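Features as listed in TrEMBL:
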{"type": "COMPBIAS", "residues": "1-10", "note": "compositional bias 'Polar residues'"}
{"type": "COMPBIAS", "residues": "19-31", "note": "compositional bias 'Low complexity'"}
{"type": "COMPBIAS", "residues": "41-56", "note": "compositional bias 'Polar residues'"}
{"type": "COMPBIAS", "residues": "67-79", "note": "compositional bias 'Basic and acidic residues'"}
{"type": "COMPBIAS", "residues": "458-471", "note": "compositional bias 'Basic and acidic residues'"}
{"type": "DOMAIN", "residues": "111-471", "note": "domain 'PUM-HD'"}
{"type": "REGION", "residues": "1-85", "note": "region 'Disordered'"}
{"type": "REGION", "residues": "452-492", "note": "region 'Disordered'"}
{"type": "REPEAT", "residues": "175-210", "note": "repeat 'Pumilio'"}
{"type": "REPEAT", "residues": "211-247", "note": "repeat 'Pumilio'"}
Amino acid sequence: MAAKKQSATNKAIKRKFNPGSKTEPSSSSASKKPRFVKPYKNQQNKDSNKPSSNTTLKQKKFPFKKPKLEKSAANEENKVAPTTRERRIHAKELAEARKKKRKRHYDLEQELAYLWEKMRRRNIAKGDRSKLVSEALQKMKGKIPEITGSHVSSRVLQTCVKYCSQAERDVVFEELQPHFLTLADNTYAVHLVKKMLDSASKKQLAGFISALHGHVASLLRHMVGSVVIEHAYQLGNATQKQEMLIELYSTELQLFKDLVAMKESRLVDVISKLSLSKASVSRHMASVIQPILEKGIVDHSIIHRVLMEYFSIADKSSAADVIQQLSGPLLVRMIHTRDGSKIGMLCVKHGSAKERKKIIKGIKGHIGKIAHDQCGMMVLVCIVSIVDDTKLVTKVVIRELQAILKEVALDKSGRRLLLHLLHPNCSRYLSPDDLASLNLSIPSLCAKDESELNSETKSSKKEESSNEKAYLEAAAPAQADESTDLDEDLHSVEGGKKDSFLRRQELLVNSGLAESLIDVCTENAGELLRSNFGKEVVYEVARGGSDDILPPSLNGKLNTLHGAIASLVAESKSEASEEEHILENFHSSRTIRKLIMDCPTFASTLWKKALKGKCKSWAQGHSSKVISAFLESSDSKVRELAKKELQPLIDGGILKLPEAK
């Protein structure tokens, strides 16, 4: 009886069940024999790959039993799997097919790449290269603007433009001319546009710059397009540069091309000549500059020039906003140009203590590179002249300089930072333009400070004349707040509250820079004295700097340096035969002469250790100027020291004193 019940339940499981139906099979219908419908052959073949519901039910009930494979699946397993090489070839064919569908000139690019591999070789003959270039240009004729955006074709075109004839280059320029604005902001085509501008004639360059009119601002906001604008700006003459700049000043100048042709270069002069509204020009320039600063496109000299002109007309809040945006790592990318360096100095000069701290931290790690740059060095000069936080300046600037002190002392630009600390604002080491740039300021900030100063003096007079104590007590806190704000503004313009000598002493002596500098000069005295740039560093260090900033605490080190120079002078000509003797070298002889005349301590050391009793052998040539300097010294002790030995040489006509200028 139990066996019959089990067979009945098995038959019930085999019965076909429609999952879409709402009613489920009852227990009474399960005992009945299910009706079997034989499927058609076509239906059997269609459903052969799909597992039937019966098999799934069996798998659920008997999971340990594997379902039997169908014939088609068995045949697939018997097939041999493709090798790795076959799979790779098949994948490559599929990739090629996709590229052909996606790229219109794919076959042409492949041909050009093949020719490019030949023409760019170094060991190819000029004739063979010119043939390959002509062949490539012939294949590209009429399709150049379309294929320029490809990273392969743009490189092929650059090579063709580099090696082709002028006639072929002109043909390429004419074909690309209507499409230059489109290509200017393309990542790959931009390199070709720059190449075309480098080889363009004056007429072609003028045509390109005139085509940019009205699009300069929009391209400057583009990361790629700004590169083309900067390249054209660098290649253009003064008039063309002014054309590109002046349309950034206002919408009127951008729309009407005839207004651009004018001689005035400064924005203030342009506003006065055309009677433009200063406020509207300032608003328009702010709308141009703001997106550029937000995107961080600050590397180009044209943007630096626009910022300098903007500072000349901007109000106090607008100028302060720009300074706040630039204070930080962004400023490092600007100070390599003349205008960028001026902007950096203005940010240091007018920035708050917090902004100055950001600027100094932003240049951390770049001090060596900035010191070697002609324009960037002036920003470091401004920092050591203005910033009162000498601990931060020592930690960031001075420590990095100490690691490369010899290299900086021998560099044309780097030495000027050291010389400025030793002898500040000296016209011998800083040009008139450099000294003028250190005194630059933003007019709106300075005018605001002057007006606040006048109002402060007027209010103080009124308060003195009034006799009401209650009024004075109420006004005292407000007056204190105004005075603190005024002090902060004056601090930002004048530079700092700390005494300049005290600031120099902390940066030069207390930081250990002077001691390291004396050691470097002592170890490399010969090399520095013979150098055109290092000689001035040795001179300033050996004489103790201006205002005698070094001698009080470093007299022992300075005496060691004087002895090192004297020992070099004491060498005979035969010992120094490998290189020119220090007294016969042009640079070193002039430097030692100046030291004898300006530093009596050095003069006495040199005479006693090197020249006493040997003057006759050095009475001719460059060395004669060194000997005669003892008699020209302003110190009477130095003159008396050498007079006994040198007077007979003068009387005998061996030594000649230079004529007084």
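Quick reminder: no glycine exception, Cβ is built from N, Cα and C everywhere.
Given the structure is predicted, the values throughout are model-derived calculations rather than measurements.
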Contacting positions for the repeat 'Pumilio' (175-210) when only residues 6+ beyond its ends and CB under 8 Å are counted: 141-142, 144-145, 148-151, 154, 157-158, 161-162, 169, 219, 222, 224-225, 227-229, 231-232, 235-236, 240, 243-244
The repeat 'Pumilio' (211-247): DSSP-derived helix, strand, coil residue counts: 26 helix, 0 strand, 11 coil
DSSP helix/strand/coil residue counts for the repeat 'Pumilio' (175-210): 28 helix, 0 strand, 8 coil
